[in-house]
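All remarks here apply to the structure that follows.
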Amino acid sequence: MQRPRVLSGVQPTGALHLGNWLGAIRNWVDLQSSHDTYVCVVDLHAITVPHDPERLAEESLSTAALYLACGMDPDLCSIFVQSQVSAHSELCWLLNCVTPLNWLERMIQFKEKSVKQGDNVSVGLLDYPVLMAADILLYDADLVPVGEDQKQHLELARDIAQQRINARFGSEEKPVLKVPDPLIIKEGARVMSLSDGRSKMSKSDPNEGSRITLLDPPELITKKIKRAKTDPQMGLQFGNPDRPEADNLLGIYAILSGRGRDAAAQECAEMGWGTFKPLLADATVSALEPIQHRYQQLMGDRIELIRVLDQGRTRAEETAQATLQRVRQALGFLIAS
């Protein structure tokens, strides 16, 4: 029986943090043994906003190394760099030509980011969701792990596939593109900022104390957790909308300590912040230590790391080219012999 296919990825710019790991990568690790898993370093997305060209390649390698250090197995999944598979850019262009402009202008993330960019906002930022659609549709993905903030982008990919490609160039019996479904994983899916329990932990937050990166040393982790925003109440609990920081930090502890939500809630029900924060810091340091150790090993052997990426690229290109050929034929292009 063919395994359901999953596609996901993370931008290489900025250090990966607890939110990336607990909300995404940890779930990919669980999926890879039961799903045909494609994981890419989405460097083409990274250049839709100003970036440092002298750091992009190194950050791409670093991100791939962290995927592996977190438990992704190149024998069970395909790990590759997005820009090294040219079909992403070509399919994006083909999808651009059938996607209405107003579909992109209503994207919430574009509205938010374009305000920050002002007059410097790029066409690439507007077109980001179409490139994301190309990423997904290229691999005939059955499922796409998404958080709440990415659901709108996946819905766009589904609409492009159904309404703009399959309905116009295919048939119900013979669709051109597979329409993917969302895979929304609840626990740990949304890790919030250490400085604001109502905002998602983010690489782009100018306050570095708002996030714990996967490569932070123990003393910095302890410092960030010590300074994390709290409230004046004694005892930690889940589900109180007036205590978002308690919910967030207790949720992180439940996962990183391995205790689970029920046991963590019981343990910390009457605990003060002064007692809880060192516990959380110790659990975080212990959880990240093996990842950091493996990462250093991988970055010390660039030849092996690049071999893994080449292997993943070869697999990805085979799948992507087959999809791209179907789309070219459906749109009526002259196919090279």
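Quick reminder: no glycine exception, Cβ is built from N, Cα and C everywhere.
Swiss-Prot tags one of the stretches 3-11, 12-20, 228-236 as motif ''HIGH' region', and that stretch is 12-20.
Geometry remark: Thr13 (ATP binding site) versus Asp135 (L-tryptophan binding site), CA distance 18 Å.
Beyond the ends of the motif ''HIGH' region' (12-20), by six or more residues, the same chain brings 41-43, 46, 51, 55-56, 59-60, 62-63, 66, 190-192, 200-204, 211-215, 252, 284 to within a C-beta distance below 8 angstroms of the stretch.
Note: the Cα of Met201 (ATP binding site) and the Cα of Asp135 (L-tryptophan binding site) are spaced 24 Å from each other.
DSSP assigns Glu148 (ATP binding site) to a helix.
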